[in-house]
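So the structure is just underneath, and the comments pick up after that.
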Amino acid sequence: MYARSAARLLSAQTRAFSTSSARQTKVAVLGAGGGIGQPLSLLLKIDPLVSSLSLYDIRGAPGVAADVSHIDTDSAVKGYTADQLDEALEGAKVIVIPAGVPRKPGMTRDDLFNTNASIVRDLAASVGRVAPEANILVISNPVNSTIPIVAKTLEKAGVFDPRRVFGVTTLDVVRAARFLGEVSGSDPKNTVVPVVGGHSGATIVPLLSQNAHGKGISGDAYEKLVYRIQFGGDEVVKAKDGAGSATLSMAYAGAKFTNALLRGLNGEKGVITPTFVKSDLFASKGVDFFSSNVELGINGVEKIYPIGPLSAEEEKLLEACLPDLKKNIDKGYAFVA
Ligand SMILES: NC(=O)C1=CN([C@@H]2O[C@H](COP(=O)(O)OP(=O)(O)OC[C@H]3O[C@@H](n4cnc5c(N)ncnc54)[C@H](O)[C@@H]3O)[C@@H](O)[C@H]2O)C=CC1
Ligand SMILES: O=C([O-])CC(=O)C(=O)O
């Protein structure tokens, strides 16, 4: 009962989860024993659209699985050890990947590339072999590079479907709504802001002008707000002081995006949210992946929306974003080539 009430409470307060469709799905979490993986597994256990939860990590997943499996919701949970990746992936329709190392103070997300690129590549290769039609949601940083790595790895295996590979940039959207809510004194649910581009520093482009509460903000207040959205991750890394980066807010954001995708896969119409996907929007500038509002549906990405009208400041932010994003994407491509 408690879990159902908790799910209802979460849903009412944040509109994070919705139960609008009945069909249920097997979801796998790769990296389920980690700082994000554990609370993410908890939140997926209380999502009514998840029928079966498959928890994999190189360490600790069976313990997390045993723990969340006691929660009184109607889904099965199973944990898998390091040598059981294939079993964990079998039949999974949605695969969420928070596997990899997090930042410490003084590091950029790109500093994680050397460790996380091969983790993500190897996991993607297994997904391509065992669950080639699955939807893959990548949380592992640097997202701007790990998504091209996943795409190229699947392409090499002949199973890349651009409608089914998503970089999870939802935390930027969550932060933008929260921070604008704080500045404007309004409920974050009324301050939803599309955040486009990528997921690190200057590649994060919040379109404050597209929200009624955001468009009046100017000068110093505007600069500070944009900076806070772009560097919100650093705020957490600094506060955790060597113990990692955002885990709880990221688990919330990851569960929120997974729920949106499940609703789309189940046929709900009008599920629209930003996510970092293969996109034509700036392909002419050599930027093959870009986050913008995307409609999620039965095939994954159904429609990619243009970014819409920009203020003069946002034009400048976009100009700064594109070269950095291209560099990050090309680095991911080069790693797999
Ligand atoms: N997209 C986003 O907005 C965000 C992304 N992140 C990123 O998420 C990643 C994970 O962060 P945390 O959970 O805090 O780290 P963590 O270190 O607490 O957990 C990572 C987990 O991955 C596991 N792992 C490592 N190699 C693996 C493999 N080959 N297969 C399966 N599991 C493996 C580890 O055993 C560990 O349990 C980091 O790269 C971090 O930068 C973090 C916050 C926000
Ligand atoms: O800052 C980090 O390293 C983790 C992350 O991506 C975020 O919190 O946005």
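All residue numbers here begin at 1 and follow the chain in the order shown.
Glycine is no exception: its Cβ is also placed from the backbone N, Cα and C atoms.
The active site, proton acceptor annotation in TrEMBL covers HIS199. The NAD(+) binding site feature in TrEMBL is assigned to GLY31, ALA32, GLY33, GLY34, GLY35, ILE36, GLY37, ASP57, ASN116, ILE139, SER140, ASN141, MET250. Positions annotated as substrate binding site by TrEMBL: ARG103, ARG109, ASN141, ARG175. Among the features that TrEMBL reports, domain 'Lactate/malate dehydrogenase N-terminal' is placed at 25-167. What TrEMBL lists as domain 'Lactate/malate dehydrogenase C-terminal' is 169-336.
Sequence features, as recorded in TrEMBL, placed on the structure.
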| residue | record | DSSP class |
| --- | --- | --- |
| GLY31 | NAD(+) binding site | coil |
| ARG109 | substrate binding site | helix |
| ASN116 | NAD(+) binding site | helix |
| SER140 | NAD(+) binding site | coil |
| ARG175 | substrate binding site | helix |
| HIS199 | active site, proton acceptor | coil |
| MET250 | NAD(+) binding site | helix |
Three-state composition of the domain 'Lactate/malate dehydrogenase N-terminal' (25-167), taking helix and strand from DSSP:
64 helix, 29 strand, 50 coil
I'd like the number of other C-beta atoms within 10 A of the C-beta of ASN141 (substrate binding site), please.
27
From GLY31, GLY33, ARG103, ASN116, ASN141, ARG175, which binding-site residues have a C-beta atom under 6 Å away from some atom of ligand 2?
ARG103, ASN141
Same-chain residues six or more away whose CB lies under 8 A from the CB of MET250 (NAD(+) binding site)?
ILE36, LEU40, PRO98, ILE139, LEU171
Nonlocal residues around SER140 (NAD(+) binding site), in sequence order (Cβ under 8 Å, 6 or more apart):
GLY31, ILE97, PRO98, ALA99, GLY100, ASN116, ILE119, VAL120, THR146
Quick one: Cα separation, GLY33 (NAD(+) binding site) versus ASN141 (substrate binding site), in Å?
17
Please give the average pLDDT for the domain 'Lactate/malate dehydrogenase N-terminal' (25-167) in this predicted model.
98
Between the Cα atoms of the residue listed as 'active site, proton acceptor' and GLY35 (NAD(+) binding site), find the distance and write it as a whole number of Å.
19
Measuring Cα to Cα, tell me the gap between ARG103 (substrate binding site) and GLY37 (NAD(+) binding site) in whole angstrom.
16
Whole-number answer please: how many Å between the C-alpha atoms of GLY37 (NAD(+) binding site) and ARG175 (substrate binding site)?
20
Rounded Cα-Cα span from GLY35 (NAD(+) binding site) to ARG109 (substrate binding site), Å:
17
Return the single residue from the recorded positions list (ARG103, ARG175, HIS199) that has the minimum number of other CB atoms within 10 Å.
ARG103
Neighbour count, 10 Å Cβ-Cβ cut-off, for GLY31 (NAD(+) binding site): what number do you get?
26
What's the longest C-alpha separation between any two of GLY31, ALA32, GLY33, GLY34, GLY35, ILE36, GLY37, ASP57, ASN116, ILE139, SER140, ASN141, MET250, the listed NAD(+)-binding residues, in angstrom?
18
